[in-house]
Amino acid sequence: MGKSSKDKRDLYYRRAKEEGWRARSAFKLLQLNEQFDLFSGVTRVVDLCAAPGSWSQVLSKEIFTKDHSPDARIVAVDLQPMSPIDHVTTLQADITHPKTLERIMEIFGGKKADFVCSDGAPDVTGLHDLDEYIQAQLILSALQLATCVLKEGGSFVAKIFRGRDIDLLYSQLGYLFDKVICAKPRASRSSSLESFIVCIGYRPRAGWKPELRPDLSTEEFFQDMGIGRARLHSDLAVDDEERKVAPFIACGDLNSIDSDATYSRGEVGRSLDPVQMPTAPPYKRALERKRGEQPSE
Ligand SMILES: C[S@@+](CC[C@H](N)C(=O)[O-])C[C@H]1O[C@@H](n2cnc3c(N)ncnc32)[C@H](O)[C@@H]1O
């Protein structure tokens, strides 16, 4: 699809370029913040799965205000390289690897974070069950890392896809946070199953010291918290009514752009270039080959 037709089909895409955001996802975090006031008093933040960096741009703008704390730090982690963003330390790393946690803690000088967010999405294989499983694992990895890095009372926001086992995840999160809400910003298309879990007030069980080790499976990591797929499935047979349903909240001003609508040419105007060209697009090697160059990696 051409740039200008995408500009009409998706006004958030257009608006992102006008306002200097690297991706339309910026509006999702802004609308979540409007609803839940996520950034008040926040100094240290981890942005997981952050490339190309529109959430980090929002965080940089919101946290590095005129009177920001001298302790303020933002760490952005992604498998892909990211172009620099003011006040943001970028790490090219895998969030599922325990070394990544060590590197984050080094940047924070051993202090814990107030806020962890993850907008992670793995590459899609097209095999539905496999994609759903990998996505669920990525959320659990983000949660694992969050439990190690968050201070008590901190918050966690992560993208989820409302699928078969979603209320299991709500129950799991209910063990760790005071409040768990499922939110759908207006910038997220209603045709998509995407939503965001907003978890407020991190409250790990007394005595539980989460520790990321390469030899521990996700299941073993969360064992003492009653969290894990196998554990939950067996629990469910017994404790069906203990399944929690998180309140579902739509957020974003009702007058804001409808992400499922197509707008007329007059409303859209001239097509704009992307704010930041992709650093490592999947088609890079193909272009290098076509030009007869040696592939860079
Ligand atoms: C939808 S994009 C994130 C967009 C970003 N929030 C923004 O506003 O620009 C999803 C990202 O998840 C990253 N990702 C997927 N699996 C990952 C992993 N295991 N570790 C780190 N990043 C990962 C992908 O590389 C991709 O850049």
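Using N, Cα and C of the backbone, Cβ positions are placed for all residues, glycine too.
Remember, TrEMBL labels are computer predictions, not curated facts.
For reference, TrEMBL has these:
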BINDING   GLY53, TRP55, ASP78, ASP94, ASP119  S-adenosyl-L-methionine binding site
ACT_SITE  LYS159  active site, proton acceptor
REGION    264-297  region 'Disordered'
COMPBIAS  285-297  compositional bias 'Basic and acidic residues'
Given TRP55, ASP94, LYS159 as the recorded positions, which ones have a Cβ positioned under 6 Å from some atom of ligand 1?
TRP55, ASP94
For the residue listed as 'active site, proton acceptor', which DSSP three-state class applies?
strand
Among the recorded positions GLY53, TRP55, ASP94, ASP119, LYS159, which residue has its Cβ surrounded by the fewest other Cβ atoms within 10 Å?
ASP94
Can you give me the same-chain residues 6 or more apart in sequence from ASP78 (S-adenosyl-L-methionine binding site) with a CB-CB distance under 8 Å?
CYS49, ALA50, ALA51, THR90, LEU91, GLN92, ALA93
Whole-number Å value for how far the residue listed as 'active site, proton acceptor' lies from GLY53 (S-adenosyl-L-methionine binding site) (Cα to Cα):
15
Quick check for the class: what is the C-alpha distance, in angstrom and rounded, between TRP55 (S-adenosyl-L-methionine binding site) and LYS159 (active site, proton acceptor)?
12
Three states by DSSP: which one describes ASP94 (S-adenosyl-L-methionine binding site)?
coil
If one measures from the C-alpha of ASP119 (S-adenosyl-L-methionine binding site) to the C-alpha of the residue listed as 'active site, proton acceptor', what distance in angstrom results, rounded to a whole number?
5
Quick one: Cα separation, ASP94 (S-adenosyl-L-methionine binding site) versus LYS159 (active site, proton acceptor), in Å?
17
